[in-house]
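*Asks:* Dropping the structure in here first, questions after.
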Number of protein chains: 2
Amino acid sequence: MFFPETSGIYTLHTKGAIIVSIQETENAFFEHMKKLSSFEQAMGLLHWDARTHAPKKGSKARSEALGYLATEHFKLKTSSETKAYTDALLADHQQETLSPVTVAAAKTLQKEYERAVNIPEDEFKEYSVLTAESESIWEEAKDNNDFEMFQPYLEKIVSFNRRFADYWGYENHPYNALLEDYEPGMTVDKLDHLFGQLREGLVPLVESVTSSSNQPDTSFLFHSFPKEKQRAFSLDILQQMTYDFEAGRLDETVHPFALGLNPNDVRVTTRYDENDFRTAIFGTIHEGGHALYEQNISSHLHGTVLSDGASMGIHESQSLFYENFVGRSLPFWEKNYDLLKSYAKGQFDDVSLETFYHAINEAKPSLIRIEADELTYSLHIILRYELEKSLITGDLAVKDLPYAWKEKVEAYLGITPPDNSQGVLQDVHWPSGAFGYFPSYALGYIYAAQLKQAMLRDVPAFDKLCQNGDLAPIRTWLRDNVHQYGRMKNPEDILKDATGESINPTYLLTYLQTKYTNLYKA
Amino acid sequence: MFFPETSGIYTLHTKGAIIVSIQETENAFFEHMKKLSSFEQAMGLLHWDARTHAPKKGSKARSEALGYLATEHFKLKTSSETKAYTDALLADHQQETLSPVTVAAAKTLQKEYERAVNIPEDEFKEYSVLTAESESIWEEAKDNNDFEMFQPYLEKIVSFNRRFADYWGYENHPYNALLEDYEPGMTVDKLDHLFGQLREGLVPLVESVTSSSNQPDTSFLFHSFPKEKQRAFSLDILQQMTYDFEAGRLDETVHPFALGLNPNDVRVTTRYDENDFRTAIFGTIHEGGHALYEQNISSHLHGTVLSDGASMGIHESQSLFYENFVGRSLPFWEKNYDLLKSYAKGQFDDVSLETFYHAINEAKPSLIRIEADELTYSLHIILRYELEKSLITGDLAVKDLPYAWKEKVEAYLGITPPDNSQGVLQDVHWPSGAFGYFPSYALGYIYAAQLKQAMLRDVPAFDKLCQNGDLAPIRTWLRDNVHQYGRMKNPEDILKDATGESINPTYLLTYLQTKYTNLYKA
């Protein structure tokens, strides 16, 4: 492991009349972070339980408990102790005497503290009530295809987010202030450039795939595949991925997720559709990628605020790496197609590996983001990014959003949403106030492709390893270059140190062009 | 439901310069209790998870989280808010304007507050460290049959408990102060009388059963019975008991327990022994009885400190009621023997109901309390009670405990423990400092028998209902007479109101005499 232990050289500083050594402050700071992580573990478990095992009648009392713990956690994070510890540890003359972990943790917590206390308490409370209400109104609006019902809520949420950006401060663009929560260091300038390049490469590629005469046969995908057999296969694949079952487990849920209670307890959930095995298998591999990240965070960071993913985008890069570059690759299925057949009830018996491979990589424009394939997915993200940026600047009014949405779907995907439920109302992100979140998903694709390219330099036998089901060297490379650092490094440094360059979308574009031109060539 | 709503008549009282209505205080008090119960839910779930689903590597971080939450919960319970609210609400002129729930909750919390703050903080901390250490030393001592290793720890624990009794205060006997934690209102005088009567009735009955020539054939009990089938049968029986699966679930564990996160989420766990189906079945029925209690606490008490069992003894009476008076009765098996056969792999095919019934009610003196049958169980408790009472008064020195233990086992059960591991070292209660706990188990038997007798007045068709698998009227009677009250009433009032008399062990003695004389008659 790369982290130097704490240096052992300590200076003294006075705190009122009491002389406290910096070592005492450092120890107290780590205790303070353990308290925060204790609340997070309890809240995490209440969430996991609610989504996997909890009996339904208990939900009201459980929500109250969760709400109370969240309030206490927030109070502790924004307490005077947080300020005192981080100020003391980050004083100019101190930092070189402290371990890098302490300094990075103090900086991270100080930033979270400042962002939280910069929002006036009244506004924060009002916003919490608004988003809770907005989520429930949105569900109804979505069910009834009624955008007007949701519109006033979204208008308020947008104006809150504009004010938050002002409170937090930003350079050049208010949206930059919002991005900081999800992808520290990312800016509108960079995103415009990245996403512009991606969009220009993807739109013609999607058109050519759509108009290709070589469309895959997918009918055999939808046969009955019993849940327990899907689970058994999912477990085999997680094992192959080197997921540590002594530090995790696989459960069933409605909306799959991975959740790290602590790095030694990182749980994966998946959903089983008995008429479409892809939901569970690719869901498990995707969430397994997230879980491997958290299981492999350096033990030096456990219990600190750094024991988490570096950003939403980097986290997503790990899930997408496994889902697409491993799980949707031909070498992976050269290894695992027979295993899949052994669990299935004969549905693949007359299907060649090549036909199967094309079917599971079918790409076609579709309306719903979470059902999109790897080729078209980023276009769903780019259009949301462009729209939410315009909402924040005020260039686009909320009332005009449905029309703007429709225009962009037609331009980028060549299809038209028949209604708002399958359009602008489809995602929970805006009703819940998560402006700045969407770009992470596409960044994850870009990062994943770039990491794959860099990995090939050190692990040239990548395909061979997948063919052999020997995924340990792949995980080791990701652990050494990404996982272990947790939040010690920012996303940009992780990428630069691992790949030798800044974010570059050409690797993703080249990968997609090669893969899909090949798959769909007539 | 029997609880009057809050009266709506409020007076004002001054608090410094601010005038606070008693209604405001009452509301704030209920909010305060919700905070306490939020911590309890989170801790409960962490416990449940640790014992059912949690991956093993996560245990260290989880224990730290649990320890932190327990500390915060204790701080909140012993906070100045607790004192302020309970003092204000229990002021003489206030009580008649408040709802009975408020008054009872304030009294209960005030008592817990006072007991906690009466122990000097330093001693409490020292005791917590001691018992944690003692539990781990005890495990080793038990494994190595080494009482001397454990002796100094137990000596310290005993002397702490003596001091605690002094801090808490008591009339007549220091052990009364310890009993109060587990069975409010119970005293040594009463227990000496009750347990004396019980012992005198049981010892000769055990002797006559042991020497009877009509011993049951039990060989067929130990055939292979697959876990999933045992689980299916257990689920059927819980359903029959009217356990609400929308407010609970059944999971597997090593040491079975029932746990109420809140009254709408009360979980049962059981253990499956594939070579002895009785472990799971009777374990499930027993824990199911505990769970029915908590599922049926009045909704008026939810989220308050009253939303729990009235005492350990009353709680145990509910589990034992179902385990013995329902689950080990002939009418119950008249209904369920065929069902059991349908899940088993033929092991009962040549076994008559009568033979089966005798086998599952086999009674014989044994060394280990938790494996004892319903006839001999109370004797295990009585001897522990007598010993721990003498330890607390100092009449018995810890070093003489193994000898005193052996003497009593021989006198009451007619057998001799071959070593201390199967004797004085068998239970976790003393290493963990739970002096005053053991009597609850025997009290549960006495209460259960007395409740059964009273129930027959209102539900004379008890046997018929069991034969029909219609257990709802039985649950309804227990709900109306016991469950709904939670901690609103003390154990003695529950018993008096339900049965018309104070605790009386003759019902248990008569039941056991009738049942076992009948079963073992030559």
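Cβ coordinates come from backbone N, Cα and C, glycine included.
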*Asks:* Which of these, A:E252, A:E316, does TrEMBL say binds Zn(2+) at the same site as A:H286, A:H290?
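*Replies:* Of A:E252, A:E316, A:E316 joins A:H286, A:H290 in the Zn(2+) site that TrEMBL records.
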*Asks:* Beyond A:H286, A:H290, A:E316, what residues of that chain have CB atoms within 8 A of the centre of the Zn(2+) site's CB atoms?
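*Replies:* Here the nearby residues are A:A258, A:E287, A:G289, A:H315, A:Q318, A:S319, A:L320, A:Y322, A:E323, A:G444.
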*Asks:* What's the number of neighbouring CB atoms sitting within 10 A of the CB on A:E316 (Zn(2+) binding site)?
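*Replies:* Summing over all protein chains shown, A:E316 (Zn(2+) binding site) has 25 other Cβ atoms within 10 Å.
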*Asks:* Note down the number of other Cβ atoms within 10 Å of the Cβ of A:H286 (Zn(2+) binding site), including every protein chain shown.
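*Replies:* Excluding its own Cβ, the number within 10 Å is 24.
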*Asks:* Distance check, please: Cα of A:E287 (active site, proton donor/acceptor) against Cα of A:E316 (Zn(2+) binding site), rounded to an integer number of angstrom.
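*Replies:* Given the Cα positions, A:E287 (active site, proton donor/acceptor) is 9 Å from A:E316 (Zn(2+) binding site).
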*Asks:* Which residues does A:H290 (Zn(2+) binding site) neighbour through Cβ under 8 Å, counting only same-chain ones at least six apart?
*Replies:* A:A258, A:V268, A:H315, A:Q318, A:S319
*Asks:* What three-state secondary structure does DSSP assign to A:H286 (Zn(2+) binding site)?
*Replies:* helix
